[in-house]
């Protein structure tokens, strides 16, 4: 077969724009099998199909309108947007807040840096994790940045314990949500954080079992950033390291690949890690690490267009920390 024809066939099969709303029942049965979905009753199955059909319609519209990204049926496709956000994100204002972190206003014009930069290429980013049904994105994003700080300083990748923060951070609310800077403050108050192997992830709230003798990372100081110019995040990323950021995750749920040019910003509900940036077909983009597993997006990552405040990425909830 002609190689060009073969490539076109592969592209057509792979591209989610090929979805047909009339085939929703067939897609749904495939979805049930692929993701091993089971429901308590036929009425619940019907309800889930109706949600699935609504999500499929949204996926088709997105694939028609967003020419630089692709969207697909995935493990969240039988959940409403509100369900996905409530179960799989977790950025929320704690009942009590503190202010240990120094506030830095990024109001100077950006420097002339490289067009592309990616901390993954320098082997300073740990593997993608999966928070599961626990609203602890705040813990994953903050500790992912500390993991990178440790790798930058000691040239060694180590996985830290999100479960320690979920169980022992009494400012944030465990699987019910938290913030980025308050998580850093909690690590400072506790004195450090253990490795994941010593305090494994359980995906639910538990009793604090912290062992100070097993701390592997200690935080010296934390910072909150107010970015006046989105472009300035490039300088911050290169100088500081991977940065946890707050976003609105509503539009990334059914993301598959490419650069998202349309991502709403109706309120922050999720935290992810900014690890790099680049340009593809003259479209500048940010690279972000998510916590929904490697079977989501671009092996757990996603890209959004720069300088349009995609998903609300430019906000006052940016944070980072300096380790000993």
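Any Cβ shown, glycine's included, is placed from N, Cα and C.
Pulled from Swiss-Prot, these are the features on record:
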type	residues	note
ACT_SITE	137	active site
ACT_SITE	270	active site
ACT_SITE	290	active site
DISULFID	134-175	disulfide bond
DISULFID	168-208	disulfide bond
DISULFID	263-311	disulfide bond
CARBOHYD	159	N-linked glycosylation site
SIGNAL	1-18	signal peptide
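Overlay of Swiss-Prot feature records on the structure.
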| residue | record | Cβ within 10 Å |
| --- | --- | --- |
| 134 | disulfide bond | 24 |
| 137 | active site | 30 |
| 159 | N-linked glycosylation site | 17 |
| 168 | disulfide bond | 21 |
| 175 | disulfide bond | 20 |
| 208 | disulfide bond | 13 |
| 263 | disulfide bond | 23 |
| 270 | active site | 26 |
| 290 | active site | 28 |
| 311 | disulfide bond | 27 |
Just checking the recorded positions 137, 159, 168, 175, 208: which sit within 10 A of residue 290 (active site), CA to CA?
137
To the nearest whole angstrom, what is the C-alpha distance linking residue 134 (disulfide bond) and residue 311 (disulfide bond)?
21
Express the distance between the Cα positions of residue 137 (active site) and residue 270 (active site) as a whole number of Å.
6
Cα-Cα separation of the residue listed as 'N-linked glycosylation site' and residue 270 (active site), in Å?
21
Measuring Cα to Cα, how far is residue 263 (disulfide bond) from residue 175 (disulfide bond) in Å?
25
Just give me the nearest neighbour of residue 208 (disulfide bond) among the recorded positions 175, 270, 311, Cα to Cα.
175
Subset of recorded positions (175, 270, 311) lying within 10 A of residue 168 (disulfide bond), CA to CA, in sequence order:
none
Write down the Cα-Cα distance for residue 270 (active site) and residue 311 (disulfide bond), rounded and given in Å.
10
For residue 263 (disulfide bond), which of the three DSSP-derived states applies: helix, strand, or coil?
coil
According to DSSP, does residue 270 (active site) fall in a helix, a strand, or coil?
strand
